[in-house]
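Heads up, the thing below is written out as structure tokens.
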Amino acid sequence: MTPRRSRVKRRNLRKPKMRFLLVNRFTLLLLLLVSPTPVLQAPTNLTDSGLDQEPFLYLVGRKKLLDAQYKCYDRIHQLPSYEGEGLYCNRTWDGWMCWDDTPAGATAYQHCPDYFPDFDTAEKVSKYCDENGEWFRHPDSNRTWSNYTLCNAFTSEKLQNAYVLYYLALVGHSLSIAALVASMLIFWIFKNLSCQRVTLHKHMFLTYILNSIIIIIHLVEVVPNGDLVRRDPMHIFHHNTHMWTMQWELSPPLPLSAHEGKMDPHASEVISCKVLHFLHQYMMSCNYFWMLCEGIYLHTLIVMAVFTDEQRLRWYYLLGWGFPIVPTIIHAITRALYYNDNCWLSAETHLLYIIHGPVMVALVVNFFFLLNIVRVLVTKMRQTHEAESYMYLKAVKATMVLVPLLGIQFVVFPWRPSNKVLGKIYDYLMHSLIHFQGFFVATIYCFCNHEVQVTLKRQWTQFKIQWSQRWGRRRRPTNRVVSAPRAVAFAEPDGLPIYICHQEPRNPPISNNEGEESTEMIPMNVIQQDASA
């Protein structure tokens, strides 16, 4: 036989094989499309008038399951034959997951699938291959069986952990509201504390207050509502939508069943829940962008050394209150059109990047602001010829003071560890930082501020004097009554006051309603002050 005839013959032999593979794949795809899914049968009480009337979870779960089933059959045909020794169980699709060839007497493990809201993907599924090279059969049904029982086993430990996180959120946001309201009253009553920096603080404090109120309403009204929670595809989601973790574990969704349908989108509780979620997304975005405003202002004062009162706050107002409404509206419209679950709570959609993308950009920018600010602080401290250890101690203090204000913890710890112990530590750490962040910010930037403390002590002393005079016990005023602008001069040299007051020499002093000169507050005591200030 000539070489040419040999090549033609081999080519002709390949054609039937290629046709067989093409026909086989086409038949497989056709069967997947037309055959009913074995584990997600449509509920009998639903009509076939359209997909809109099918359960929302059924649509989401069925799509994921069909994708996994197609990939499994394709994998079964693509993988080479088993190369091990001895008996083994054949690769198979068990109806939910794909299993490779497994040696006899061994147990295969995989993470639980995410088809169902009550499945914990951190848990494991197991499938046993017996000594005869056959997959384990359940004694009751005599059918091959995979152990999915751990996927939705809500143990007492998980439930207790969920309740701890739930009450941690309630306590944290309640304390934050109380501390922030008290701080706002202090800044509003004592006019000698007024300056541009405090004005920015007030707006950021307001976003914390409103956001905490919305979250408390959500925890009290939405989380206990089983109809809303169980019919939404909920998954653990940690960062800014942190409360969903508690919601998912406290009210675990039911498996797909006949009553598991999408609620009426025009129902009052569904509409109110979506409005609440819209407000939460907006206030959360405002919170982070006011953090960005604080970072821009600090960077302008310290790095660019601009101490003038001419900074126009309207640009900060536009960035803090105006810009976040744009991604929030876009997210609401696209969510209603393309992923309209009951309360827009699901994290199983990339539409969340419309909200989280700008937030992450703001956090990253603030992170670089922090690094640059610390660099400038260290440079200034070196110029003062301080001891090296003390210099870095002050730099660390300055860094830790700025972290809760600028939200840097979300950049430093962006992902939850997969390890169970580390994951639990991460949960408690991040939930404490998130829920108590308003309390921490109010404490650091108001209650621990030296000038605020001096002002409050002076007011308390004046109150005691007036009280004594009212009851006839007149006392001579003590020398503890000092003016707020001069109080900074008595700060301890090893302290780190958050604000340093200075008066712009180019501008005349402006008297407020208490007859005192207004002051501007500059962060960090590393900025040199005029001795006569």
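The backbone N, Cα and C atoms fix where each Cβ goes, and this holds for glycine too.
Look at the topological domains in Swiss-Prot: Arg416 and Gln462 end up on opposite sides of the membrane. Here the candidates are Cys112, Cys129, Cys151, and Swiss-Prot names Cys129 as the disulfide partner of Cys89. Residues 166, 169-170, 173-174, 176-177, 180-181, 183-184, 187-188, 243, 246, 276-277, 279-280, 283-284, 286-287, 290-291, 293-294, 297, 313, 316-317, 320-321, 437-438, 441-442, 445-446 of the same chain lie 6+ residues outside the transmembrane segment (199-219) yet bring a C-beta within less than 8 angstroms of a C-beta in it. Cys343 (disulfide bond) counts 23 other C-beta atoms within 10 Å of its own C-beta, drawing on all protein chains shown.
Between the transmembrane segment (351-374) and the stretches 164-186, 274-296, 314-334, 422-448, it is 274-296 that has the most C-beta pairs under 8 angstroms.
Secondary structure at Asn90 (N-linked glycosylation site), as computed by DSSP, is coil.
Cα of Cys112 (disulfide bond) to Cα of Cys98 (disulfide bond): a span of 12 Å. In three-state terms derived from DSSP, Cys72 (disulfide bond) belongs to a helical segment.
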